[in-house]
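Novice: The annotation domain 'G-protein coupled receptors family 1 profile' is assigned in TrEMBL to 41-290. The transmembrane segment annotation in TrEMBL covers 26-48, 60-79, 91-114, 135-157, 197-216, 237-260, 272-292.
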Amino acid sequence: MRPENQSSVSHFLLRGLPIRPEQQGAFFALFLAMYLTTVLGNLLLILLSRLDARLHTPMYFFLSHLACSDISLSSVTVPKMLVNMQTQDQSIPYAGCVTQMYFFMCFASLDNYLLTSMAYDRYVAICHPLHYMTIMREGLCILLVTGSWLLSFASALPHTLLLAQLSFCDDNTIPHFFCDLGALLKLSCSDTSLNELLIFTVGVAVITLPLICILISYGRIGATILKVPSAKGICKALSTCGSHLTVVSLYYGTIIWLYFFPSSNTSSDNNIIASVMYTVVTPMLNPFIYSLRNRDMKGALEKLINRAKVLSK
């Protein structure tokens, strides 16, 4: 790396959440509870998917990886935010900031790809039920998941390498609770046009294309349901796709509002609130959404509880 391209800052300051000092304790307890719920809820979902033979299906295979991704996404940002709230030390080393940004982008991208794979799985289940096991064979599921992980880590790498070439001069305060790429680019005193072009290009591959694939899948699902507009068929489709569609709506709704419809009136505080939605709230809600509306998951949980009661006696 050339000396003139190296950053002149050794650390950044994370401004954190837009809350008053007297509210720090209450928000610390709230976000700690939400983070623990996220970790424990998603770990339970992974455990049930592994232990119960009824859940050894493509849908739960994808779901277990989504749960792992959600744990990782929250763990990249929330623990550091909680430490900052408790210690009132807002600093983060330059290397730590770049590392946090890289892994945040990795797991955010992974969610997109996994949700797309799950949409394809639901499309095959409803539109081609007789050929479901033939199409969604184990090899294809492993390929989709492996490809999702590899693409996610690969897509975040160019952003990190280009960011490392930028210089950061006087202002090192990030108006966010984590090292967001957009916020970092605004602090740079270098030319960021190439970084912004990369954001647009990779954003198409990471966000737009997966969303289009999901919409096409549900469009085909809707067309299939309309061909046989029976109440039983509609109920079956809703029970099959309802949980996934709810998660997709929460996740992409927040991202679209934050990145695709920027407004000059939108403050950084609103951006922080939107980021909290998809880094903290959505990962926490996913286990409840998939468990409360799923009879197989409820049955697996009851079976696990009964087994624990027997072992405790």
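Using N, Cα and C of the backbone, Cβ positions are placed for all residues, glycine too.
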Novice: Using Cβ atoms and a strict cutoff of less than 8 Å, what residues sit near the transmembrane segment (91-114) while being 6 or more residues removed from its termini?
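Specialist: Same-chain contacts beyond the flanks: 7, 9-14, 62, 65-66, 69-70, 72-73, 76-77, 80, 145, 147-149, 151-153, 155-157, 159-160, 163-164, 174, 178-181, 184, 206-207, 210-211, 251, 278-279.
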Novice: Please give the sequence-distant neighbours of the transmembrane segment (197-216): residues at least 6 beyond its ends with Cβ less than 8 Å from one of its Cβ atoms.
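Specialist: Same-chain residues near the transmembrane segment (197-216) but 6 or more away: 109, 112-113, 115-116, 119-120, 155, 158-159, 162, 181-182, 248, 252, 255, 259.
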Novice: Near the transmembrane segment (135-157), which residues from the same chain, at least 6 beyond its ends, have a CB less than 8 A from one of its CBs?
Specialist: 58, 61-62, 65, 102-103, 105-107, 109-110, 113-114, 117, 120-121, 124-125, 128, 202, 205-206
